[in-house]
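These notes are about the structure you will find just below.
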Amino acid sequence: MAWFTFYLLNLLWATAGTSTQTRSSCSVPPAQQPLVNSMQVLMENSVTHSTYPNPSVLIAMNLAGPYNLEAQKLLTHQLMATDTADMTVGQLALTIMALTSSCRDPGNKVSTLQRQMETWEPSSPNAEASSFYGPSLAILALCQKNPETTLPIAARFAKTLQANSSPFNVDTGAMVTLALTCMYNKIPVGSEEGYRTLFGQVLENTVENISKRIKNNGIIGDIYSTGLAMQALSVTPKQPNKEWNCKETMDVVLNEIKLGKFHNSMSIAQILPSLKGKTYLDVPYTSCSPDPEVHPTLPNHPTPVPTIASNITVKYTINNQLRGVELFFNFTIDVSVKSGSVLLVVLEEAQRKNSTFKFETTMTSWGPVVSSINNIAENVNHKTYWQFLSGKTPLNEGVADYIPFNHEHITANFTQY
């Protein structure tokens, strides 16, 4: 999905007794495995004492089998020490799943999440689809701990989804599928048959919607939503009418990895489980035996000859024309930076040249997100944010990941969703 949808998820944010194996037979060819290994190493190396403790990274690391045991240990301890008071239900659910994947007891976090979900309700009858992503994670985390007590919570959630008519979102649909597949597979013996019927109906509708977002080249939604969608389609008990060609999707994902699309640790965490034949339903069944640290097989690339980077010029515009905001403006500046610099460097250089372009960022699991430009800040209640575009096309990467090209016109537009 697009970068903004990922950011919204930050803002708003298994069969019984056996490990769940993906149903599709597609897998990473042996010759391509070093490519996937190097991507995992890149993700694991992002774990430091000073970086954002990302539970999604720990989940992916444990599902894949960690190479860097010190990174695994550090991230586990960081998440155990994290204050959960201000967490959304989605963040709390991810933390519980991450600790579970490291064979650690999440303690009272589970009961806290259950109490929050017992009173959860959407912000409005037609709330954005992305607002269901966190609660879907919560249902999944609770299902893996105690499906029987989660049953009425999941049923109410499923009925709320049925009544919602907002535009479909692939990432949310994928997480709904994983959560309700867990519930569908773990309905306690003797429970009302209505639960299975309800979960089955929502699953059938959701996977059908995911199937409709499969592009001709195999990408599902966009490249960054494909990983979760692969997990969902590989385990759902309700198959869509259109058969999914898993190998085609796998091939295009591997090609995108070669092109450098997955260099952000969070984007790697989303795609890695599918490449290793795992899904979030496998979280309770990860192995935590004290095996010696494994050294992965990595691609054998020749050492590049150092070159002197030339400069490029980027045209950068900041624009605010929203009604109800007193300070309207539209300013443009030409910025010269080294070729290969990320967009964040362009913003920093623009700010250095002209204080009108001053900006602030907020750290998220996806990296820094621009939260304010020229004293105009995003506002969740007003549904406003700073959207970045290349020409007229929204960027699908964040400012710390996107690399502008020479003479590109980047616009930061204050937008309402």
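In case you wondered, yes, glycine gets a Cβ from its N, Cα and C as well.
Whatever TrEMBL says is automated annotation, not expert-curated.
Quantities reported herein were computed from a predicted structural model and do not represent experimental measurements.
Looking up Cys26 in TrEMBL gives a disulphide bond whose other cysteine, out of Cys246, Cys288, is Cys246. A separation of roughly 27 Å, to the nearest angstrom, links the Cα atoms of Leu395 (cyanocob(III)alamin binding site) and Cys246 (disulfide bond). Counting residues per DSSP class in helix, strand and coil order gives 14 helix, 32 strand, 30 coil for the domain 'Transcobalamin-like C-terminal' (340-415). Counting in whole angstrom, Cys26 (disulfide bond) lies 18 from Gln270 (cyanocob(III)alamin binding site) by their C-alpha atoms.
On the backbone, the CA of Cys246 (disulfide bond) and the CA of Asp171 (cyanocob(III)alamin binding site) stand 17 Å apart.
Closest by Cα distance to Cys182 (disulfide bond), from the binding-site residues Asp222, Gln270, Tyr417, is Gln270. Here the binding-site residues are Asp171, Asp222, and the one whose Cβ sees the fewest other Cβ atoms within 10 Å is Asp222. Max Cα-Cα distance over the annotated cyanocob(III)alamin binders (Asp171, Asp222, Gln270, Leu395, Tyr417) is 24 Å.
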